[in-house]
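Following: one structure in structure tokens, then a few remarks.
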Amino acid sequence: MASLLRATATWGHFPWRGYCSRIKQGKLGEDFVQALRAVVGSPHVSTAAAVLQQHGHDESMHRCQPPDAVVWPQNVEQVSRLAALCYGHGVPIIPFGTGTGLEGGVCAVQGGVCFNLTHMDRILALNPEDFSVVVEPGVTRKALNTHLRGTGLWFPVDPGADASLCGMAATGASGTNAVRYGTIRDNVLNLEVVLPGGQLLHTAGRGRHYRKSAAGYNLTGLFVGSEGTLGLITAATLRLHPAPEATVAATCAFPSVQAAVDSTVHILQAAVPVARIEFLDEVMMDACIRYSKLDCSVAPTLFLEFHGSQQALVEQVQRTEEITQANGAFHFSWAKEAEERSQLWAARHNAWYAALALRPGCKGYATDVCVPISRLPEILVQTKEDLKASGLTGTIVGHVGDGNFHCILLVDPEDTEELGRLEAFACQLGRRALALHGTCTGEHGIGLGKRQLLQEEVGAVGIETMRQLKAMLDPRGLMNPGKVL
Amino acid sequence: MAELRALVAVKRVIDFAVKIRVKPDKTGVVTDGVKHSMNPFCEIAVEEAVRLKEKKLVKEVIAVSCGPSQCQETLRTALAMGADRGIHVEVPAAEAERLGPLQVARVLAKLAEKEKVGLVLLGKQAIDDDCNQTGQMTAGFLDWPQGTFASQLTLEGDKVKVEREVDGGLETVRLKMPAVVTADLRLNEPRKPRRRRSRCSRPGTWAWT
């Protein structure tokens with residue numbers, strides 16, 4: 001808690017263009033807070049400083065900007081009434097799930113009321129034969145998979161953190177399994193959304209969970225990735241997948257970054273249905289080996305995972321081994337038992353903390369560009385050169401199967417000069433990706449820091465269309481202001 | 001050892017992720033409509049038995065569960081994980097409340113003799129009562145050696161080497177089979193059961209006693 005309070009005083013803010021400073025500094029009127037209490041009950045409204053601080057930041061480096069009040073609605077009717085109340089009084093609304101976002105999406109740049117939706121944590125409907133489930137915002141990814149473990153189904157989108165599923169839908173999350181199972185965009189069938197004025201919208205129709213449809217405009221797609229700027233997601237219908245019969249994890253070290261990425265491209269071109277294919281550069285491997293006590297070499301490495309039947313796995317592993325060896329790989333090893341696989345993937349998931357451990361006392365910032373796979377070797381090599389030139393400490397870890405990689409940069413939050421170099425590097429990287437027909441954010445979202453890059457990415461007409469949609473759904477501009485646009 | 005058969009006892013308990021609520025009349029906890037699943041330590045025991053079968057050290061894995069008709073769901077999960085047969089010892093719901101380790105141990109002892117198994121595997125304890133008695137009592141009734149809190153299990157000829165987690169650290173015992181072993185947390189990480197409805201012709205026979 002002490003570090004949270006210190007954070008507001010000492011972290012400099014990113015001087016990104018278009019960044020909104022707090023316009024309204026005032027607290028909410030007492031009768032407004034009373035009105036909030038009347039809807040959800042006193043225990044579910046808070047204006048305590050510590051609670052506000054906790055809800056004013058996520059896992060990113062953006063400084064804490066607390067809201068003026070936090071409410072915990074217990075059901076969708078309360079969400080609707082609270083939204084209407086706030087909208088009527090011109091008070092900004094900020095949805096909050098698990099607070100595990102990476103782009104400052106919950107920072108209350110204009111104050112307002114933070115809607116912590118985690119008390120709504122039921123799994124509303126599970127349809128195993130239809131491979132679908134309806135969840136409320138308080139249900140996290142791990143909680144859902146635990147619930148499903150006896151059914152032979154699972155939800156594969158795995159962004160690393162134990163995030164709220166509705167939050168994942170709001171930010172357009174992805175993860176290590178996307179190369180085979182898709183991102184959250186491909187796995188949301190329907191959303192229940194409370195619009196800013198309080199109306200309840202079912203984006204694909206109430207209670208519907210079909211696999212495909214050609215009916216009308218794709219409202220589900222509109223809200224996925226909208227980062228809370230168009231409405232509050234109060235339930236999501238998700239597509240489930242059959243759990244694989246068997247799983248094998250493998251690691252493979254390469255003499256160079258180019259060789260590793262070439263292998264990835266060849267593996268995908270050979271139509272090997274690899275479930276996970278992750279790249280770690282030698283700096284990242286060094287950090288992971290030290291942090292997780294792995295028995296691997298310090299070299300650019302691919303972490304792979306294969307799902308399928310026993311026979312299919314043998315074939316997949318064999319094919320992959322041939323391809324990687326043709327690209328000069330050494331040290332191909334694989335793990336079949338669940339404990340060994342968990343250990344391997346825990347090391348990968350702990351990459352963030354392993355990187356932070358490289359420079360204790362520093363904060364981490366992750367870039368998130370995504371380019372067509374054919375341009376991946378080019379941008380990775382360029383990024384490593386840029387890293388050296390900028391003098392920043394950084395590691396590279398990526399979902400290379402999607403052409404998406406993260407550069408984890410470690411900076412001293414008190415060093416404004418270093419922060420400046422970080423901003424320049426991140427911007428340059430974003431622009432490099434855009435130049436290669438890619439996107440500035442593959443899975444983290446735009447949030448606070450990438451709004452300028454979004455404009456460059458979609459162009460003037462694109463941005464104008466988005467602004468018009470936003471103006472139509474949220475004319476007063478009160479839904480999570482300062483984000484995305 | 002290809003003739004070795006394993007009996008695995010599985011218990012149906014309230015799912016570990018469920019928030020337990022006490023009944024208003026304070027006579028117990030609410031179980032109606034609450035999600036139940038296989039006891040996590042029993043899952044570990046089933047996983048170990050199935051791994052032994054995959055290594056061709058065990059010929060047949062028989063799962064057994066005592067309780068009301070819903071226990072069949074738990075047995076189905078064991079079959080979906082790789083057990084060959086399931087035995088449901090049916091106990092009417094009213095009496096099932098009073099079913100405890102002593103009664104279950106008697107049943108398991110009888111079944112172990114009847115099915116001529118060489119290895120009885122159980123979870124070390126159930127997460128609803130935390131008794132940690134059934135395995136030990138079963139061994140007592142059978143007069144078989146026991147290796148409890150196993151974190152590693154290796155078959156060596158006609159003996160089973162069990163590394164046990166005890167208060168002072170780790171203890172290794174060698175038991176002459178037939179023997180009883182109870183599984184602790186670090187024995188293995190259980191697999192997810194395969195999608196059961198798509199299984200075509202798995203021999204999942206039922207026996208009612």
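The count begins at 1 with the first shown residue.
For all residues, glycine too, the Cβ spot is worked out from N, Cα and C.
Nobody curates TrEMBL annotations by hand; they come from automatic prediction.
The following features are taken from TrEMBL:
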type: BINDING; residues: B:A9, B:39-42, B:C66, B:123-134; note: AMP binding site
type: DOMAIN; residues: B:26-203; note: domain 'Electron transfer flavoprotein alpha/beta-subunit N-terminal'
type: REGION; residues: B:188-209; note: region 'Disordered'
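Locations of recorded TrEMBL features on the structure.
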residue : record           : Cβ contacts under 8 Å, 6 or more apart
B:A9    : AMP binding site : B:C42, B:A45, B:A63, B:V64, B:S65, B:V104, B:L108, B:V120, B:L121, B:L122, B:G123, B:T134, B:T138
B:F41   : AMP binding site : B:L122, B:G123, B:K124, B:Q125, B:A126, B:I127, B:T182, B:A183, B:D184, B:L185
B:D129  : AMP binding site : B:G100
B:N132  : AMP binding site : B:K124, B:Q125
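The 10 Å shell around the Cβ of B:G123 (AMP binding site) contains 28 further Cβ atoms across the protein chains shown.
Around the Cβ of B:A126 (AMP binding site), a 10 Å sphere holds 22 further Cβ atoms from the protein chains shown. DSSP classifies B:F41 (AMP binding site) as helix under the three-state reduction.
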